[in-house]
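Participant: Before I ask anything, here is the structure I am working with.
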Amino acid sequence: METSIDAVRFAHQHPTQNQLLRIRGENIFLNFVTAWLHYEASLDRCTRIFMTINHPSQTTNRPAIILLSGGLDSATCLAIAKSEGFACYALSFDYGQRHLAELAAARRIGKSLADVHKVVQLDLTDICHSALTDRTSTIPQQPDTGIPITYVPARNTIFLAVALGWAETLDARDIFIGVNAVDYSGYPDCRPGFVSAFEQTANLGTKAGIEGRGFTIHTPLIEMSKADIIHKGLELGIDFAATVSCYQADETGKACGVCDACRLRRAGFEAIGVRDPTRYRVV
């Protein structure tokens, strides 16, 4: 019996030339299939983006979901989608955020720019601890090293998942989110890699996706500085006085003037030499 076991071990540790060739062939095949799936997904996305850019008439009145927080970035993102001819279905969340003035701003912006605007009640205060949902936490005045305490766990993942459900219900194939990887506070769910991964998930985990009617997650602001975003928004006629970016704005929408969001907003207006219409408590 020991001799038989030793023989099996020897054969496993010293495969024949034919076995080696078969194993290598299987690995090459698996690598090819994996590469082809990535290529096919990338090609499909590039094709859809190309068709949108070069055939704008095809986006006319085509429904798109736009995540709208009420801040400067999301308002610009909505205006961009509208300028590209999409029928804009804006989606906002009342998730227990301490800065409810932002939600009031979303309603104002949605009313003026969106074709449809929904506000979803989604209380995250008990399951996603953050300085933005905990009114006893102190909002830092200086940028944090690493991921800041204003990060809401998995917030963009949750919001995009709800947007995806609405998109599939509406037979919409386009979702816009105003994330930015240049002038941002270090949130991991604002990076291109996250967006790309979610888009793949959307196309793998939905009926529309497996039937070949794929989704595109649009991030028109992803590589823009805050100054560039403001410049683009002004070009599209956005009244930035109606937006709220501050993490601790009061009920009237007046900004604190010292948090990281206020700092980035102020710097953006200063960079392009345009008067900042924001009402600050600390000037």
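Backbone N, Cα and C define each Cβ position, glycine as well.
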Participant: Which of CYS190, CYS246 does TrEMBL put in the same Zn(2+) site as CYS256, CYS259, CYS262?
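Facilitator: Zn(2+) site check in TrEMBL: besides CYS256, CYS259, CYS262, the record includes CYS246 out of CYS190, CYS246.
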Participant: If you count, for each of the binding-site residues LEU68, LEU72, CYS256, CYS262, the other Cβ atoms lying within 10 Å of its Cβ, which residue has the minimum?
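Facilitator: Least crowded of the binding-site residues LEU68, LEU72, CYS256, CYS262, by Cβ count within 10 Å, is CYS256.
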Participant: Residues near the ATP site, LEU68, SER69, GLY70, GLY71, LEU72, ASP73, SER74, ALA75, THR76, CYS77, LEU78 excluded, by Cβ within 8 Å of the Cβ center?
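Facilitator: Nearby residues not in the site list: ALA106, ILE109, GLY178, THR243.
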Participant: Neighbours of the Zn(2+) site CYS246, CYS256, CYS259, CYS262: Cβ within 8 Å of the Cβ centroid, same chain, sequence order.
Facilitator: ILE139, SER245, TYR247, GLN248, ALA249, ALA255, GLY257, VAL258, ASP260, ALA261, ARG263, TYR280
Participant: Just to verify a number: CA distance, CYS262 (Zn(2+) binding site) to LEU72 (ATP binding site), in angstrom, no decimals.
Facilitator: 11
Participant: Same chain only, sequence gap of 6 or more: which residues have a CB within under 8 Å of the CB of THR76 (ATP binding site)?
Facilitator: GLY178, LEU221, ILE229, ILE230, LYS232, GLY233, LEU236, ILE238
